[in-house]
Amino acid sequence: MAEGGVQGALARTRIEVWGVVQGVGFRPFVYRLARRYGLAGFVRNHSRGVTAELEGDPGALDAFLEALEREAPPLSRIDRVESTPLPPRGEEGFHVVESVRETTREALVRPDAAVCDACLAELFDPEDRRYRYPFINCTDCGPRFTIIRDIPYDRPFTTMAAFTMCPQCQSEYEDPGDRRFHAQPNACPNCGPQAWYSRGDATVTGQDAFEAAARDLAAGAVVAVKGLGGYHLAVDPFNGEAVMRLRERKRRPHKPLAVMAADLATVEQLCQVPSGAPEILLSPSRPILLLPRREESPLAPEVYRPHATVGVMVAYTPLHYLLLDALKRRGHAPVLVMTSGNVSGQPILADNAEAHARLGGVADAFLDHNRPIHIRCDDSVAQLAADGGLQLLRRARGFVPDVLPLAPAAPVPLLAVGGQEKSAFALGQGERAFLSQYLGDLEMVETLEALKAGVEHFCRVFAIRPQVVVHDLHPGYLSTRYAQETGVPALAVQHHHAHIASVLAEAGHRGPVVGVAADGTGYGDDGTLWGGEILLATLRGYQRVGHLAPLSLPGGERAIREPWRLAVAALYRLWGEDLGGRPLPLPPGVERRTALAVARLPAGPYAPLTTSLGRYFDLVAALLGIGQVVSFEGQAAMELEAVCAAGPAQPYPYHLRKEADGLVMDLWPALEILAVTQEPVPVVAARFHATVAAMLEEAVREVVDQTGIREVALSGGVFQNRRLTRLLRERLTAAGLDVLLNHAVPPNDGGLAYGQLAVAAARLTEGEEIRT
């Protein structure tokens, strides 16, 4: 009698499984489990998940159902199992049947997964037929999201359709006892994709490709490496001159560069690895994780300077492992700079011909392969949040298209298009939200095209036809214009309300909460630029009950790229015409008379006012001679955080006052001291962080006292600042308040679309009419 079987009359049941159950070895798992318990029937994928019909002893059926959830494959996630009794048929044997295509689909496709330990062992086993084959995979690892053209997840609907399996691979694919049973990307050197290395007119293949790439990298070359979701630009992280060449060619002068290491031991030589970090670094998602740099780290300062953290990931494809192994065998540490293969701000490149055309002036050579990438997908970036959990700063490879909760459920299918920077869109259907991968900044036409293509792909794969499109209030955002051009009824959501809603939706919370939304800038419902707001918020709506005292942006957008403008305008406000005889915090090339003219610009179209907390951080950084001219959003604030002195710091004075439009948080008393202080820069930086935390905590407590609401949500790009978030959270929790943070969704504009979706679902559920 089969294991677990209990003698009795035959019974038959249909089970339907919802969740992450396609592309993760779930059908072969069901097959093996059914055979273990002596059950007959079949299993198949369908567009809602997995269906199986099982027939046998009732006790064996019960044992099967218990084991189904207890022993599910490592990459799967079961959300729901429904069982329906059926009349027995007297069926014999159990088999896997072809998948069914249906128009109503709820199947959830897994993200790409890092190579598993079993495949890695085979990769370096000289006796294995896939020895040093760069595309080894099985049901527990390998490409998923990036190769899928449509679902169900079967080979004909992936970019592997072009590769016909050889007899050996086909035999594995059909063998229920094999780890590659129904592994859709299954391949070997005889039948699968191939890699090659080219520099100029010379091309080498096979293992020689990795040896040649390692040789050139060790000599200082910049190499474009095609991976899972696109190209990386690789360079020796210990060669400062080579790193600077990459920066100059990529036009990325200041933004930190990520590094890839072969293993955890190598990471530990470069960075401090706190509790919880190893599990993240070695997880199937393998994000770039921001970690404190070791003082004795051998990395060239050009990789990270002036930041205190380094973005590190562990290799996640067999191709990466082979490249790093070739470096190691040359006596080089198995670590490389691996930054996105693009021009900064544009989407990562994924097509071979386009990559050669666009990166030809950046890379000296190319390590290519011929497995097509259908959907480009950059590396995810994460940090350990102030509450100790994982916090995504860029949601992409390894996490997309995992489902996110949506409550209340969307009454009609929704599309949310996010903001202007860190573009990502989201689809909502019922209780499920699908947030896209990070795409880039919408200032670039290429990013807008990637957004449109991504929306089309997600709509097709998940069979969602949006009936309402949701966008930011800002009329000038390209995402807003795109939404208005779709011809679908549109709904606008205020920027900072969307930030707070993203926290609520993640937590399954509908509000009310006291929301602190702090970022660079976002369009307010009064037409001004917000960015340091206290909102009484639910998913349905909000009331603005507090904000920062306004700050002038002389030159508008230029003040964001040139924070010295913020500094001289602030000094002019403090000292007036006496400014003329005082030293000014100016970068090289800016004349004093120009600075004075900028400082005197009156509030208006050329010097709009903003309540942005992010701009206050820029201002203080510029006063201290840090980040007076920047090349990316948030640079000055990041550098200010990096120089903070360790340990507790005494806050500067600040002021809270009540005005007609709510509580005003005034940092100008602190700026008066900052403008003349002789304290060391690290002390000033730490004291400013402490000041902001103290001010926000006092303002929140005042709102709590007035309303009785004791839950606080923090969101917006400023809360990527771990020091500030930690200080504020400690103060709020000490006051007995519950603090909600973003985790699975970025607090920056990469999470905006998810918040927009949640707001729209709530508003539509309550009967709001949409303009057409």
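Every residue gets a Cβ built from N, Cα and C, even glycine.
Marked as domain 'Acylphosphatase-like' by TrEMBL: 12-98.
Per TrEMBL, the feature active site maps to ARG27 (among others). In sequence order, VAL43, ARG44, ASN45, VAL50, VAL96, HIS182 make up the list of same-chain residues 6 or more apart from ARG27 (active site) whose Cβ falls under 8 Å from its Cβ. Reduced to three states, the DSSP call for ARG27 (active site) is helix.
Counting every protein chain shown, 25 other Cβ atoms lie within 10 Å of the Cβ of ASN45 (active site). Feature annotation from TrEMBL assigns active site to ASN45 (among others).
Residues or ranges marked as domain 'YrdC-like' by TrEMBL: 207-398. Summarising model confidence by region, the domain 'YrdC-like' (207-398) averages a pLDDT of 96.
The residues of the domain 'Acylphosphatase-like' (12-98), classed with DSSP into helix (H, G, I), strand (E, B) and coil, number 24 helix, 38 strand, 25 coil.
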